[in-house]
């Protein structure tokens, strides 16, 4: 045994049969499962980790026997041997098949020992991962060593590298599926990531990344439902150890692929802030691979995710992108990593303003980029020198999408000048690159896309471009955009012809004014010959065809010119007339369509058919020889209608047509495939159907269609007039409703005042009753005892003062009532003015009903005033009774006094009584004045009643006028219904004749009519309620 050991150590061949790798792995798995000592399990797992990567590449199989022999004798030997062996041949399949369950069990049970956890995670990573770099390193080691003869299924088999790589990937997917068979394994792995120990966290990150690479959707689903699953992974970005943080970035890249829900969670876990901080710390565009990883993760989070894009914009993160694009004057010697980083930064900007995003979100981001200066910084890179070509191309594409459809950004781009002497507009410099055939193809495509985006929904820019072609604005001392486009249009390079034709077509897109202005452009072809129009020159070049020697595809030039002509004359009858005025154009088109040409010329035939169809559809019959009917007869005789429609269909059936229709940016693998423009595909889709119908229509059908159109126009004008009238009436009704609301509010306020007055009167009644009871008791006490006379007289004086206070209170109430009556008079005057104004409008029913209510309020007020007068009379009567009782009390002690003291007392009482009598007389005078004031109030009330009667008469007149106005409105509605019915009948006739009718307009008109009818019904119901 000892000899065998030394032979194994020294490299000799041990005696006896040697165990295979599978047997070795089986014994190691038994040791992991059955050993009670932690050190034994740790050594066995470490051995499995090494075997999962490779086994001995020497001629003998010494390590296997040594592992078997010395694992039992002394585990430390195993450490030394594994460390010293040069490993080569893989045992990945055996380790994954036999040991995976034991390794997972180790992760569950041995959580206290970080070393064994690290070995287990590394082993699982080795059997699951398909890392190409690791494969290459190991293959280099294998190539440097002699081949190993191994028996069994691991015998060397000559296989190609491609098949070997595919087998390795299949093996990784197989073990990934086995590991994910229990979803709790992923949850266990997420829990282990909370361990701060480097030997546990780092292998766990790598293992989870490998699982995501092999089975992304399944792992994403488990993490998504795991509590705090994404949050645990986001904590990796805050780890102070850069290795874990960087691998955490790779993990999040895999995690966020194609899953919008996880993307949103990651974004709301403050991912944008952390990633931008890391980019800044690493040096922005001058940073290393970490910056690249951060940018890739940002692209994953934002691409096609409108929620995250909005969050990125609202969080003011766009402003933090501006420093990325600050470049110096010296741009030579850019590193490959810097080029990659800046390329990804430009892609990130494009993600935010991509044409596939919603228009509102794109517009908002474009505005933010202009306001924070990001667009200005991009234009600086655009005009800088020494910038690498691929960065310049991507910058042009980025600027294109930042300005596309944004008027303020387009205006700024138009003002940008290149740093040349003299300064030239950036548009002119870019167009010089586009028409220069020595420039790279991708750069020329990017410039064309930039020019298209500059003119997209920019009529101002279109006018400026066309103006550079007009005779009055041409400057001979400078190069303009129009001159460059004409030069490219008529150059010998077919790609320049196509690009210039498409660019000029975009200057005319959906702009009738510029189409007519371009007809004024005159070109000098040669000395001594008169100038020809631009339209004529285009048709001349088109008719010459193959006679001109060109570099590139000849079909490309003809396709570009045909697209320009179709865009130019579509929806422009004047341009159609100019085109047909040349006697050679129609025969050329019919000849091209009727010929049987090769496969390459079929597209030209289809575009010629489209151009001729536009001449028919937008023909105003101003030329006698080329009216709609004569052109259709010409087609039927020389081409045939069915053949014409078939040739027209060649355009949409072309394979490059569908590719160009997908997105606005012109992206083509080669210049020869650059045939269709995105906007032109929209025009073809719009016109193909209507041209087909126009060709098949007869002259009688066209006449009927024209008559129906004229009738519809007349009826439309009548309908518009009635709609305006109804809108005016609705406005008047709304004003009257507001007046009624104001009057109702005033009425409620008056009602509240009356309620307050009633409560005050009730309080005074209660106080009076209490005083009355007190006076009755006092008078009885005075009649029963003479000795108490002085005390009674004192009480009597107090009661008289209370009476005076009550009279003062009554006087104040009288004044208040007089004021309220004045307010009523002013209200009646206001109502009278409102009734006079309502008599001038068509609706007055609501005001009349309010007058009736106000009349009732005046009647109730009069009754309340009468009741108050009665109460005042009662109070006066009671006051006289009190005075009478006081006189009786004062006479009683005078007859019974005997002493001088009593005489003095009686004298004092008599003087006091005289004073009280005088006061009583004064109170009587005041009561008399109150009665006169009451009489005056009654007269004013009678006057108010007469005013109300007059208002009632005026109200009756207004109701009659309202009824007449309603009758007139009903007549108008009946007439409108008849007109609508006639319109529907005429449109039905048009449909029967094959004419296309806009269904959306019909629905809108019907909706408007029903909405107005509903409003009228609601108004009538409100008027009825007010009358009730």
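Please read every residue number as a count from 1 along the shown chain.
A Cβ is built for glycine as well, from the same backbone N, Cα and C atoms used for every other residue.
Automatic, uncurated: that is what TrEMBL annotation is.
Here the structure is a predicted model, which means the values were calculated and not measured.
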* Taking 959-993, 994-1028 as the choices, which stretch does TrEMBL tie to region 'Disordered'? -> 994-1028
* **Stretch carrying region 'Disordered' according to TrEMBL (options 111-134, 135-158, 159-182, 183-206)** => 135-158
* Give residue numbers and ranges for long-range contacts of the repeat 'ARM' (98-135): same chain, 6 or more residues beyond its ends, CB-CB under 8 A. => 22, 25-26, 28-29, 32-33, 38, 41-42, 45-46, 48-49, 52-53, 92, 165, 168-169, 171-172, 175-176, 178-179, 182, 185, 188-189, 192, 195, 197, 199-200, 203-204, 206-207, 210-211, 213-214
* Counts by DSSP class (helix H/G/I, strand E/B, coil) across the repeat 'ARM' (98-135) -> 31 helix, 0 strand, 7 coil
